[in-house]
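I have placed the structure first, in the form of structure tokens, so that the comments after it can refer back to it.
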């Protein structure tokens, strides 16, 4: 979410940044909405102020026994009382119109981000390792897994449809080992706090990290009818004063729906643990002495992949359900850039220990995510992909500035005592399913078996090679 005051102060800079994103200028239309919003709010505030003043004057007139003046003032108050709800509604509608318009606009790129229109404008930052030489033609993971009998797409299709997989025996254990290894490194060495978050979240959480409203079609959601008792339970939780700050709770809004026998609530399956982890600080004022906060989670993730029709239809590269280790940092504005570099190095470290060849790309303005100011992609080498192998994304590490914090109302208080918005960062540390693919294709042997990387041996119960039936 953008700061309308910043747009007001420098509309040309805002439009110039949007141009780098490939978007038309928007400052004029936003400022026009803002002007109407401010006028509506001012009119509402002036009406309230006049009503308060007139009410006080009524008492003074009656005290002075000026009945005519008292009657005139009472008529004025009655008229204001009649017109004010409409004025308040107009102010609220104008505010919501601006909020909706701002919510549709992506974050602005940092100055050092390269300009470009798509992935062809990305710049290679650095490379780790080298491509391995094989005395045979490397096979893709789906062929390896199928021959082992441990990767079953047909059974998954019967259960759930396309873009799902059933893993068994050695491959199921190998995927579990990879995820556990990633978590152990990030929590034990990199200082991240492990979190086991809900996999279902509400609209506000998805809005906070900017999956909504723009990317609703890429998500899985469902509607649940909540009974009166369920609604009451939720209302009681939200009334708890430890969770409610002044100005953030509308009793009428909470109680009115209870008159209905049921209410439809929508929940979303998380597309990434970034959503619950980042929203842990929503509607909070943190002590800056506690920052940075670093969270990590190993979770299933769910994506509809609405725009991926026809792409990566074979194998596990693009699934509706996949496992990922997520890294999230909450920082001050002064430290977010350094934290971004640190997060990248943490994601790289687990791949280095697996001895996987990869490259790091700095994404251009046309290829960055909606909420990102700057993104590094880690692309791991998969020797069985395409003709002769291919680099495939296994991690994206992004710094978002205060873009998500404004949507979540997440702030911190520094030495001067004034609250300000925190900066948020997120990255994959890394995608476990794609790491499994990279390990399978990199460590495959001529007989179709897969050697287990040394760092994963402690997690494999003595299994050193995954072969058919093991």
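For all residues, glycine too, the Cβ spot is worked out from N, Cα and C.
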Quiz item: Which one of 160, 428, 449 goes with 272, 273, 274, 326 at the L-serine site, as Swiss-Prot has it?
Solution: 428
Quiz item: Excluding 272, 273, 274, 326, 428 themselves, which residues in that chain have a Cβ inside 8 Å of the centre of the Cβ atoms defining the L-serine site?
Solution: 275, 277, 297, 299, 301, 324, 325, 327, 328, 426, 427
Exercise. With H, G and I counted as helix, E and B as strand and the rest as coil, say where DSSP puts residue 304 (ATP binding site).
Key: coil
Quiz item: In terms of Cα spacing, which of the binding-site residues 272, 273, 274, 326, 428 are within 10 angstroms of residue 394 (ATP binding site)?
Solution: 428
Quiz prompt | Residues 272, 273, 274, 326, 428 [recorded L-serine binders]: greatest CA to CA distance in Å | solution = 9
Quiz item: Which of the three DSSP states, helix, strand or coil, fits residue 394 (ATP binding site)?
Solution: strand
Quiz item: Across the record's ATP-binding residues 303, 304, 305, 393, 394, 395, 396, the largest CA-CA distance in angstrom?
Solution: 19
Exercise. Take the Cβ of residue 393 (ATP binding site) and count every other Cβ within 10 Å, whichever protein chain it belongs to.
Key: 17
Practice problem: Run through the Cβ atoms and count how many others sit within 10 Å of the one on residue 305 (ATP binding site). | Solution: 16
